[in-house]
Amino acid sequence: MSSLYVPPPKCLEKRFVAPQRHMFGPGPSNVPPRILAAGAEPVIGHMHPEMFEIMSDIRSGIQYAFQTRNKVTLAVSGTGHAAMECAIFNAVEPGEDVLMAVNGIWGERAAEIAERIGARVNTIRTPAGSCFTNEDINQALARHKPCVVLFTHGESSTGVLHPLDGIGDICHRHNCLFVVDCVASMGGAPLYMDTQGIDILYTGSQKVLNAPPGTAPISFSERAWQKVFNRKTKPVSFFLDMSWLANYWGCDDSWVIGLSDWSDLLLGRYHHTGPVTNFYSLRESLAVLAEQGLENSWCRHQEVAEYFHEGLENMGLRLFVKDKNVRLPTVTTIVAPPGYDWKEITSYIMKNHKLEISGGLGPSVGQVLRVGLMGCNSSKASVDMVLEALKDALKHCHKSRV
């Protein structure tokens, strides 16, 4: 008689087959066959020489995507949230002042993370759908004197693309690090880490890059790295400790690829078991971006977004972000049609069109529909599909008197 008292789960007897869907929400986006195929390659050891070569390629790809020559550039094993924590955990010590620019949920989330590690958190706020002026920022820095300020470049909860020019210079005049969340914008809108004076920049793999969720590119400027290097206390997370991660990723350029016996290297570099197949996928996604060309990707996302916005307005729908110049090209926020239940609209479209769009998040909950057209999904054909689905939903979903 078996000593096991928990039987094999019946639910696992049936093979799981993922449904085919158009992933047109704010993320994750669809993964094209080429990147899926890369992730299906045979698993090798996370400390094998070939793996180090893949990681080196990833670093080069991130430097291109971020437009930086920072040596401390790598991919965190985790989603964009892990990169956000990595940035804050390493750049901020307990008791230090930080400033979070809140114009959506991601500024709120960063503020909570900083508070949890004992930082003195200050915030500046602007209404959802709008931006700060550089003078707003200058005054806030003079008032709070933080060591770090964090901005969200692409605020996916509200559909805002925040201008970055000049902010880095303002931060550095106040002896403050400029940290930028570009999870929803990287690859879809112009971004120049070095020339814009960004000290820590991070993104996620599952948006414009079209890779599966689970890796998060991040880069530290020399100024940021010096602050990390001269900390008085250890970061609260061993897993996200950049001194270990930079060593693991070979950011000191001391790797020797192709060793016949890498035991000494293994002992010196080991930090954690990296997600091998996710690294395959991330490398391939960065290769696709490099082949397409960064500027071409920026232009395509902008052109497709404008085509989409025109189609929405022709339907009589309104865009949540009034200023055309600060609309996020990758994630569009549509004012929820009056008289309709946004949940019924998104459910109807999923059921009848196998197409995901979502409602609001954080400050935009109940106010908007969000449509993400990122990477391979950024095309006029995708726009036409979404417009047709919206027309169908508005025709068949219940509309109450307003």
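One is the number of the first residue shown, and numbering goes on along the chain from there.
Cβ coordinates come from backbone N, Cα and C, glycine included.
Features reported for this protein in TrEMBL:
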DOMAIN    44-384  domain 'Aminotransferase class V'
MOD_RES   LYS207  N6-(pyridoxal phosphate)lysine
BINDING   ARG370  substrate binding site
Per-region confidence, the domain 'Aminotransferase class V' (44-384) (mean pLDDT, whole number): 94
Packing count at ARG370 (substrate binding site) (other Cβ atoms within 10 Å of its Cβ): 26
Separation of alpha carbons, LYS207 (N6-(pyridoxal phosphate)lysine) and ARG370 (substrate binding site) (Å): 14
The residue listed as 'N6-(pyridoxal phosphate)lysine', number of other Cβ atoms within 10 Å: 28
